[in-house]
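Participant: My questions will all concern the structure given below.
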Amino acid sequence: MAGTVTVPGASVPSTPLLKDELDIVIPTIRNLDFLEMWRPFFQPYHLIIVQDGDPTKTIKVPEGFDYELYNRNDINRILGPKASCISFKDSACRCFGYMVSKKKYIYTIDDDCFVAKDPTGKDINALEQHIKNLLSPSTPFFFNTLYDPYREGADFVRGYPFSLREGAHTAVSHGLWLNIPDYDAPTQLVKPKERNERYVDAVMTIPKGTLFPMCGMNLAFDRDLIGPAMYFGLMGDGQPIGRYDDMWAGWCVKVICDHLSLGVKTGLPYIWHSKASNPFVNLKKEYKGIFWQEDIIPFFQNVTIPKECDTVQKCYIYLSGQVKEKLGKIDPYFTKLADAMVTWIEAWDELNPTAAATENGKAK
């Protein structure tokens, strides 16, 4: 497993990349047997496991992994009254792991996601591909028709401005899934047997000004650059909505990345999504969100963050005020969510005082 992998601008060891600079965050309610399949790729790294649901239940983790496990009692103990911003009985609880991490990078994966194979039958090292995405620049300001120009065997096409070829820092790497697609409940109901079998060997930068539906089951990001915006909202128990946690974070993240001139990549790597959730349960969770998103998306498309907001925290606090003012008219939930966004930033800065003092997230 020795050797080197060429990353634009650097030569780094192929195994393990960023061993001491990356945490793997996993939300779960069950024993983590799925880690056995990931052992060759994950074992060198530190895991942060966020246990959802009953805190008295014992979660078993396979031997040989370096991990810390937090349940609801731990969240309440560490955050005190501010624990109210962390969702309960919803995978949105994973963002607590982002908050307590002390590493520069985060990779988060769901416990029903397994190692996928590429078209040649080789196991895909999803984590390594995410790291390559994060360590190479993005091109949010001008689209390259050969997709990622920094990839080996590709370059900028004729007509691409030379002044933009240096690119922007990559803040987010959004991976995809084979087998069970990430569909909403209505689509699940009309296409219950549909499976994603298309492996597209491509990575692209999502253009500035374009939103996307972010999926949290196979996602990596630069915590120093965008971490405080990776809040997965108020979902699950006691809330009128679920299954919009990662999408809410994605919309907030994208408008902040656009404002701070940071990049978001999507495409490779793939994981194998093994289990389809119940579409009827999902419909109950998503019902209001399906209607609300028709107002939420135009809100994010039209919001303008002031120039003086030069850190992620400042951008996020500004967004929270706009959410309260503009979306609070739709439903009282958004006023509650806006307050939770502020609480999230306060809790983040309390647990990350050095980062807060040095204007964590400011694009350099």
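Positions of Cβ are set from backbone N, Cα and C atoms, glycine also.
As listed in TrEMBL for this protein:
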CARBOHYD  Arg158  N-linked glycosylation site
SITE      Arg158  site 'Required for activity'
SITE      Arg165  site 'Required for activity'
Participant: When you tally the Cβ atoms that lie within 10 Å of each candidate's Cβ, which of the recorded positions (Arg158, Arg165) has the highest tally?
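Facilitator: Selected residue: Arg165.
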Participant: To the nearest whole angstrom, state the Cα distance for the pair the residue listed as 'N-linked glycosylation site' and Arg165 (site 'Required for activity').
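Facilitator: Cα-Cα distance, the residue listed as 'N-linked glycosylation site' to Arg165 (site 'Required for activity'): 12 Å.
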